[in-house]
Structure formats: C-alpha cells, structure tokens
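Down below is the structure, laid out as structure tokens.
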C-alpha cells in the first residue's frame, strides 16, 4: 500500500524509483554492465583488504587507511547498487519509507566516511613527506586508530543528520522518485511539508564534511608541493610526487563529481545528467579506487606477486608430490 490515510492527511508509505531508463533493451545492457562493475568493486576491494592484512610489508599507516577506504567503497556502492540492479529486472521498483530512509542514511554514512578517510590519507602523506623523521611518532598505531575511529564517527554524524532531515519530511502527494536511489533533491521535490529545516540541516552537515575535508586536503598538499619544490634531488622529487599521484587522482574524481551534482546550479544540467554522474561516483569510482592505488604502487604490486607466486609454488608442489 503506497498511501496511509490518517485523518485529513494521506501519508506515503512507499516510493517508486524510476531508475535510469525505461527502454527494455537498454535496461538489460545496463544491468549486465553495472552487475559486472559491482562484482569487480566487491572483489577488488576485498582483495585489497585481504592483501594488506596478510602482507607484513604493507603493515604501514598508508595501507591501514587504504584498507578502510576499500571497506567504505564496498559499503558506498552496496548502499545503492543492489537496489538499482533489481530496478532493471522488475517493471516497477518500489521502496518502503523505512527502506528509503535506510538507503539515504547509509549513502550519507559511507559518503561522509570516504571524505574523512581521503582527508586522513592526505594528512598521512603530508607527515611522510614534510616530516619524515617524526613520521613513526606522529603516525603511531594509536594515532592511526584514532584517526580512523574519528572518520567513522564523522560519517555516523553525517548519516544521523541526513536521516533526521528525511524523517522531518512529510509526503502526502506523488510518490514517484525520478532517480535510481533515494537522493535528497528528488525527495525534497516530493515533500508536501515545510522543507526549510531539513534542507538547512542536510546542507550544514554535508557542507561541513565537504569543506572540512577539502581544507585538510588542500593544506596538506600545499605543504607537500612546497616541500617537493625545495628538494634538490630530481629522483627524490619524483619519488615523493609518485606517492601522492594515486591519492590525488582518487580525490579529484570523487570531489569533482560531488561538485558537479551538489555545487553547480541545477539549471546547468538535466536530471538524466545527474543520474549519470551519480552512477559514476557511487558505482564506478568505488571500482576504480583499487586499480588507482595498486597500478602505480610498487609495494602493492610486489606483495601481490609474492603471494601469487607462493600460491602457484605450493600448488605445483602438491601436484609434484
């Protein structure tokens, strides 16, 4: 039942997600592509986590943060992708009011967590390049755990504000969301209550997370750039810069798409463009992060080769004996 009658009001109990397209052929094509992307996302990030756990060579702060970023990527993609895949297979995809709240809150949690972890990783690179002699002290195990716990708390607070904002909205009219997940903008358009408080709270929370993390990243890389430019050795410059390239790529992709959706005026892009960009930063980027961090990282590639070599060697011994 999509509507619940309560006195003079009719409350919406479920929403209809329109998804990406109505074309049946395109739905099958997109289902196949996004399913493959999701499987690569989960397997790639899980492989990253396991490789970091089992490789003693990767037991460093940078990889500790990377393993949590991989976990956040799995959660972020999983908050919307399974429901999107179902949308491709059914004629009309519905999501309950509570389900919509959970989806919106989980996306806000993992999105906020990803922002904080990217900022923490930038700070880690700053300490490693600008204060290498104090690195072991400033990035001790206790400090690393505190930074990660703080990131999870930040993500939880962002999700709490988002969920409370959603629960303050009242829906009594149309229940069709022109999106593939419960995003805030289309929900605001459907609400028949005063949305000013919800918009203010959500904007404050998301804006604070974004501005705070961008500030940390910008300051960290400003000092990193100054330090690199002061280096006399060309080899030292190249080595220092190469350690930051992967992280800068991930930051640029993630914050670039967020800026397109939430900062640019809506008059400059259509709803369909919004959907495409949302797919990119919620589905594609979580798949790309393991590739970005591993392809240019010799330590990860070396650890992977060692473990694959051990596995192949052990299997050959079993076959031999």
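Note that Cβ sites are derived from N, Cα and C of the backbone, with glycine treated the same way.
Not measured: the values here are computed from a predicted model.
Membrane topology as recorded by Swiss-Prot puts residue 20 and residue 273 together on one face. Annotated range for transmembrane segment in Swiss-Prot, selecting from 58-78, 79-99: 58-78. Of the disulfide-bonded residues 100, 192, 100 has the largest number of other Cβ atoms within 10 Å of its own Cβ. Same-chain neighbours of the transmembrane segment (137-157): 61, 64-65, 68, 72, 108-113, 115-117, 120, 123-124, 127-128, 131, 205, 209, counting only residues six or more beyond its ends whose CB sits under 8 Å from a CB of the stretch. With a cut-off of 8 Å between Cβ atoms, the residues of this chain six or more beyond the topological domain 'Cytoplasmic' (50-57) that come close are 63-64, 66-67, 299-300, 302-304, 306-307.
Through the fold, the transmembrane segment (275-295) approaches residues 20, 34, 37-38, 40-41, 44-45, 47-48, 66, 69-70, 73-74, 76-77, 79-81, 84, 107, 179-181, 183, 246-247, 249-250, 253-254, 257-258, 260-261, 269, 301, 304 of its own chain, all at least 6 residues removed from its boundaries and within a Cβ separation under 8 Å. Beyond its flanks by at least six residues, the topological domain 'Extracellular' (158-199) meets 2-3, 9-12, 14-20, 79-80, 83-84, 87, 95, 97, 100-101, 103-109, 111-112, 205-206, 209, 266, 271, 274-275, 278-279, 282 of its own chain at Cβ-Cβ distances under 8 Å.
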